[in-house]
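Taken verbatim from TrEMBL:
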type     : residues : note
TRANSMEM : 23-45    : transmembrane segment
TRANSMEM : 57-76    : transmembrane segment
TRANSMEM : 96-123   : transmembrane segment
TRANSMEM : 135-154  : transmembrane segment
TRANSMEM : 174-202  : transmembrane segment
TRANSMEM : 232-258  : transmembrane segment
TRANSMEM : 278-297  : transmembrane segment
TRANSMEM : 317-335  : transmembrane segment
TRANSMEM : 355-375  : transmembrane segment
TRANSMEM : 421-439  : transmembrane segment
Amino acid sequence: MPTRTLAIDTVEENKSGSLIEGFYWSALNMGFTQGSTFLAAILIARMLGKEDFGKFAILYGTLLMVSSIAQLSIGTTATKFVAESLPHNKGRAGRILGLSASFALVSGCIASATLAALGPFVAHRMLYAPEMGQLFFVSSGFVLFSVLGAYQLGAVVGLHGQKTLGIFAMPAGLFHVGALVLGALAWGLAGVAIGLLGSAIFRWILQTNVLKSESTKRGIVHDIRHAWDERAVLISFALPAALAGLSTLPALWIGQVLLATHATGFEAVGIYAAGNNLRTMILFLPLALNSVGTAFLNTHWGARDAVRYRKTFWKNLGLTAALLIAGVGIIIAFAPQALSVFGQDFPGRSAELVVALMALAALPEGLAVSIYQIIQSRARMWTSLWLVAIPRDITFVALAFVLIPLHGAVGLAYAYLSAQLLSLLAVTGIAWFIGLKVTKASHEF
């Protein structure tokens, strides 16, 4: 039996390619995705100015927060259990896909309707910007297609379909930039909201075709009829991961809302958003690498291949560290030039400090993502929720309350850096306790 399992794993790895090959295609995919987001943000900042760019940051951040909560971590769940089932149980992989698709559709519809109904209240009572109520209503459909897209993306990554995702990333990225820029030219912020919805729909259409192609290639059929047989993964994995999302995204959103109510208002949010965009640029290559590493680690875990499991983890961690150090150094060294890309009114001493702090935060954040693969592959999601997500997010919000009145955007950046350092410490401690040992008894199905 072990010999047969190892042989099956070898066949699956040949189909999937190597970690480096997967990284190349994943980097291409995330490069176009993050690059298009970054480029669109720059163009919108230049077209609309610092204050309206701050409003855009709040709008986009709210959409991402609601989408993340509504996803119920179903994309991550699909990645883990589809990849884990590939070597030996494709029927289970099909049931996981069916379960994930059903939950994504129902949850996405509920979340979109909720945002459309409550958006005006949030704009008026929490942001003190009633004009944003219409923006939330217009773009609420973004949530549905973002949730469906997250499930599709997770499933394709679990199927080791990074190459196909990479091929389709360019048209999706170009459409995103075009939709937002044309919308801004035609109708200002309202046009940007429409562009966000159109971009989400277009990406969903592309990923529908990608998932269908990769499933067919692997001989896996979406099994909705028997999907409920896999409901145990909802309690053991998806629920705690979703609760972590319920903690993290609202915490980040609260930080931005607190900053928006500061003396400098949406201008401060615009500066923080610029630093945050530069942070995401540092992280995009490490995250691309880790999305591939996650799929390979779970496939090796499912095949009980201890040698490949350890080798993949250490290679992934080493490459992640190298990419992070290079990215942080470049952004800090060229902070004034990076800020000037957003507009001539962005550079300044405090803005450059925000960029430096957010760039430094990318280092512990990226390392934590890489080390976290051990926790994720062992499905220790409840442990992660209580010992990583909740302490990190409480720390961020508490520090934001204290530091924003004193230092504005710089204070929020300090809060973010502190929270990520705490996260790295917690993740490292849990991973050390779990260890890298793979045994047959530790993960029977």
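Yeah, the Cβs are placed from backbone N, Cα and C, and that goes for glycine too.
The transmembrane segment (355-375) and the transmembrane segment (278-297) are in contact, since at least 3 Cβ pairs between them lie under 8 Å (pairs 6 or more apart in sequence). Touching of the transmembrane segment (174-202) and the transmembrane segment (135-154) is concluded from the presence of at least three CB pairs under 8 A, sequence neighbours closer than 6 excluded.
Remark: the transmembrane segment (135-154) makes no contact with the transmembrane segment (23-45), by the rule of 3 or more CB pairs under 8 A. When the stretches 57-76, 96-123, 232-258, 278-297, 421-439 are ranked by Cβ pairs under 8 Å to the transmembrane segment (23-45), first place goes to 278-297.
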